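Grabbed the feature section from Swiss-Prot, which reads as follows:
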COMPBIAS  82-100  compositional bias 'Basic and acidic residues'
COMPBIAS  101-127  compositional bias 'Acidic residues'
COMPBIAS  150-166  compositional bias 'Basic and acidic residues'
COMPBIAS  167-186  compositional bias 'Acidic residues'
COMPBIAS  240-255  compositional bias 'Basic and acidic residues'
REGION    80-255  region 'Disordered'
ZN_FING   258-281  zinc finger
ZN_FING   285-307  zinc finger
ZN_FING   312-335  zinc finger
ZN_FING   342-364  zinc finger
ZN_FING   370-392  zinc finger
ZN_FING   398-420  zinc finger
ZN_FING   426-448  zinc finger
ZN_FING   454-476  zinc finger
ZN_FING   482-505  zinc finger
Amino acid sequence: MGQTANSCQKMLDGRPADVSGMVVNDPCLMNIPTSFYHSTNQELDLSNKTFKREVGGPFSVMMENKMGKPHLLETDQQNFFRDSKPINEVHSVKGERENSGESEEEEDDDDDDDDEDDEEGEEDEDEVNYKREQIIVEVNLNNQTLNVSKGDKGVAQDSSHIKTSSDDEEGDSGEDDQDSHEDEENNPLPLDGQTNMQHGNQDQKTENSDMVGGDGTIPANSTKELGKGGEAPKRKKKTPKEPKSPSDKAKSEEKETLTCDKCPRVFNTRWYLEKHMNVTHRRMQICDKCGKKFVLESELSLHLQTDCEKNIQCITCNKTFKKLWSLHEHIKIVHGYAEKKFSCEICEKKFYTMAHVRKHLVAHTKDMPFTCETCGKSFKRSMSLKVHSLQHSGEKPFRCENCDERFQYKYQLRSHMSIHIGHKQFMCQWCGKDFNMKQYFDEHMKTHTGEKPFICEICGKSFTSRPNMKRHRRTHTGEKPYPCDVCGMRFRFSNMLKAHKEKCFRVTSPVGVPPALQIALGNPTLSNPSQGVTHLPTAHVPPPSPTPPLNLNVLNTLPPRPIPHPFSHLHLHPHSHTHHLAVPPVPHLPPPPALFKSEALNHRGHNDDSFLRHLAEKTSASQHH
């Protein structure tokens, strides 16, 4: 290592004059000690010396590039290697380097700093500069051509000059070699308008090679610069196309966009549109049952399985569905395999699906947007209006599949199906009780489980269903929401109103018949109705008037009527009237009012008003005669 350091020191001391000139000219390098520069004369003869090598080359020496500048100390250590060459070529390279010393002094200061950082790299660059290929450029102005060819490899004195064959070329080839060297290093200006190929570093060479095409020709823009003063005719430039106006563009777009009438596809040309129409829409797959059209056979088959027919059937109740998910919902809800996981936020009522919750939320709103056009009644849901409209139209959309009987409401069909099945649709497994609606079935099942989730807020009593709790709450509030249409009496429960109508308005006897006629009906042996009142005092008896006998043969043939009402004996027995009435009834006077406002029915189920009116008219006519 000591020998290596000494040899490097000597090599730096023997540095050529061009490097020393750079040191003198550059004020930034005045402080660098000269002990780092050595001449390389002693290192030329390397036959008897050995160095520590990193690679197989004879001049591969590892050396440190630590300099005096602080910015150079920051760089990392790098190993520089010299290309392996025969020893006899080293002397020629050195001589050429000394001859070119004057030209190297005129380089820029920036290049000097880069060369000082990398000393061995500078020597390699010098060797590369002398290895440049000879380029021959031939210019023919008559034919307006420019031919570029490469000469023999090697370093020659004539390599600095470019041979050109031009009629307008002036005699500039007589310049000195020194001028040629200066032209190489200082990038001279073009001579008489002709482009000169410059011999610089590798970057300049690559730039020139990019200017030259792969076939050895230079682009046309460089040849146009060669001809001046009308020596060669210029090529005509292609006139650029005028840009289309917006209206023209809109017209072209309208022409290009052709839309299919049967599908949303868009085409650029009419040919593609006609092809699309022939292939797609003229070979449509048509459903034989509903008439729908499909492009593909797979779409038609899927339509036949799902939408066209109800082919998906429930195994338990044989109900058919269009969609598979509808069957799943049916199995979960109807057959009791699902749980009510979704609850209403307002009333906490639970449902099977969230869709049912959304439908239920309408019940909490006061809006009734659906109004019947016939009677003006409003509803919250469209389905409620649809069911209500069946009352006006008389339509019966629900048909029994077993006997083809039709019904107006669905619950009626459920009740009817129990005839064919033998029991109602929902049957309790504990007690055997069956129900037509699942709502009632669920309420009944809570009686077996003991579940009573609905609690009264006033007394704390619990109930199995919400309607039962609401009915119980009326006992606390005193509310009576069920009024009687006849007498105006109000009731707390609907069953109480029903019982009130059955007891008070079910009268089967003719209430408007006079008592004299009732006596004749009870005792047919009496021919004169005045005989029935002979025991009354004379003061109150009016003068007798002859009355013709009534033909009551039809009345005698009537069967006896039942008397279920407890107050009906007041109208049939005459002694009750004699005790209360001071004046006996007169046959031609209107009958007394009934205890209750009702309509009497005869044995045929018709009103008795017409019969009584006929009797009154007949008696009045006989009196006038």
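Placed from the backbone N, Cα and C atoms, the Cβ positions cover glycine too.
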For the zinc finger (312-335), give me same-chain residues lying six or more residues beyond its boundaries with a C-beta closer than 8 angstroms to one of its C-beta atoms, as numbers and ranges.
306, 352-353, 425, 438
Could you give the residue numbers and ranges of same-chain residues that sit at least 6 residues beyond the zinc finger (370-392) on either side and whose C-beta is under 8 angstroms from one of its C-beta atoms?
359, 362-363, 408-409
Count up the helix, strand and coil residues in the zinc finger (398-420) according to DSSP, in that order.
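Its residues fall into 11 helix, 4 strand, 8 coil.
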For the zinc finger (342-364), give me same-chain residues lying six or more residues beyond its boundaries with a C-beta closer than 8 angstroms to one of its C-beta atoms, as numbers and ranges.
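Answer is 329, 332-333, 380-381, 466.
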Along the zinc finger (342-364), what average pLDDT does this model show?
84
